[in-house]
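Worksheet for the structure shown next.
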Amino acid sequence: MGYDDVLIRLGDFGKYQKIIYFLICLTSIICAFHKLAGVFLLAKPDYRCLLPFENPNSNATEYELKENIKHLAYPKDTLSDKYVSCRYYNVDYSEEYLNQSEPFLGNGSRPCEHYVYDKSKYLNSAVTEWNMVCGRSFMAAASDALFMSGVLVGSIVFGQLSDKYGRKPIFFTSLVIQMTFGILAGIAPEYFTYTASRFVVGATTSGVFLVAYVIAMEMVGPKKRLYAGIFVMMFFSFGYMLTAAFAYFVHDWRWLQISLTLPSLFFMSYYWIIPESARWLLSKNRREDAMANIKKAARFNNMEISDEVLNQLLDEGTEVKENKDESPSANQPSVFDLLRYPNLRRKTLLIFFDWFVNSGTYYGLSWNTSKLGSNVLLNFVISGAVEIPAYTFLLLTLNRWGRRTILCGCMLTAGVALLLTILVPKDMNWLIIALAMIGKLSITASYGTVYIFSAEQFPTVVRNVGLGASSMVARIGGILAPFFNMLADIWVPLPLIIFGAMAFVGGLLSLLLPETHNRPTLETIADGEQFGKTPRANEYLENGRELKSIDNYHETQPLNAAAKNAHENSNGQEKY
């Protein structure tokens, strides 16, 4: 087992590992700041057209108007019976006209030239500063979508760079870039600069969080990885709630963006504390550097490990790696290997759909709190707080009830809760909020399950490829979520109904996936194709042809030949 044996000799999860792990967990807080900040940076308060008799350059203009003036100035929406916000009657707003009882409809209406915003909830936002309402309302959704596109790009770019140049340098490079562009977003003079800066910040959240997460997981023994991965997510949830505290005290959107960025300065001190991953150093044949890090941890943990024992343990791991590297391989694994064979293709597409639904629903619900009405800050805090019991539920049940049971049950619960918002009367907004929070709790639990479940569905030879492709599909769900949330302008529960329908369908379809809990690890493409097949389809055949081997060494291994390290990648989430 190599390095895992070294960790056991160091006390498995000793004092040194706990301190480093805690410090790394804190980085997930700032990533939550940037991912959830859009709720307040792009907050859209109630608004109306500025009428001709009002001064466009005056900040004293009140949002509220007398009912008789609204009746004379704004048409009514025939569906909602509310005054429209984007048009006003094309009339001469003389004192005589404003004193009559019925509006003049002969000239029709005209679009707004200027706007008046309700400042009772938000002092300002990027939306109010650049008038991203009415015909320009798509710009706010596009900004959030581009932020998530940055997350997608960053997960690819920074993941590869960290494998090539090391975890530590890429972590700090990402941190510096994040601070630079985070502040630039706060001082951006116009929409394009703001959105481009947020795109880069989105990319660096992958460089900061995912790389730090890898450092944490690579220094934790196999038995602790499930718990370590879930506790990292709890810190993200704490950052989620803390974002509301910043928004409560900082009311100007520019200062809010800068305030959420400046805590990153604290993490620059990690340069002298956080070590480079010993696993990565060993993978790059930098054994002496790795041994120096291991000895430092041993001294801190008051453990003794001699050079002879250390070399022996590391040599065992190197032998296993060299044996695997020497195995003949016809092709490099790719996502097409997952789609080539019918049973494996069916499972892969179902997994892709689950990732798409979980990501889209999670971020859709997280960003939709401002549209649920009532107390926006309270809704936001509750939306973050419900994640804690969701993760606690996973800790208690994931290794008891099975992955499929929890994934299906949570997705179906989320689907039913969100679909029930169809039946809620308009005057019971509190019930819509309650159902939305039940949906958020459930989808958080299912999102925490889908990573582990997926990792166990993919064979070892294509596991990283499968998880990478799943993550990319998940980002597409996050990119589309802001556009779904725009539908709340038509009807508040409409985005919740769409998310609920997707979650419900995803939960039902997940029943078609085989359970993986306490099952042998899948090593080969043949294993993956056979696993979950009906008894009559027990042969590895497709149209009379044998499965094409992508790794002759692995294809000769039996289904129950589970390698000890096969679950190294199966105990964590890449949700964030």
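Placement of Cβ uses the backbone N, Cα and C atoms for every residue, glycine included.
Annotated transmembrane segment per TrEMBL: 20-43, 138-158, 170-189, 195-215, 227-249, 255-274, 377-398, 405-424, 430-453, 465-484, 490-513, in sequence order. Look at TrEMBL and you will find 78-518 tagged as domain 'Major facilitator superfamily (MFS) profile'.
Within the same chain, the transmembrane segment (195-215) packs against the transmembrane segment (20-43): three or more Cβ pairs sit under 8 Å, each pair at least 6 residues apart. Outside the transmembrane segment (255-274) by six or more residues, the chain places 20, 23-24, 26-27, 29-30, 33-34, 37, 40-41, 168, 171-172, 175-176, 178-179, 182-183, 185-187, 208, 215, 243, 246-247 with a CB less than 8 A from a CB of the stretch. The transmembrane segment (430-453) makes contact with the transmembrane segment (490-513): 3 or more of their CB pairs lie within 8 A, with pairs spaced 6 or more apart in sequence.
Sequence-distant contacts of the transmembrane segment (227-249) (same chain, at least 6 residues past either end, Cβ-Cβ under 8 Å): 13, 21, 24-26, 28-33, 36-37, 39-40, 209, 213, 216-217, 220, 256, 259-260, 366, 377, 380-381, 383-385, 387-388, 391, 394-395, 448, 571-573, 575-576. Recorded stretches compared: 138-158, 170-189, 490-513; the one with the most Cβ pairs under 8 Å to the transmembrane segment (465-484) is 138-158. Within its own chain, the transmembrane segment (138-158) has Cβ neighbours under 8 Å at 35, 38, 42, 44, 126-127, 130, 132, 170, 174, 191, 194-195, 198-207, 210-211, 363, 367, 471-472, 475-476, 478-483, 485-486, 574, counting only residues six or more beyond its boundaries.
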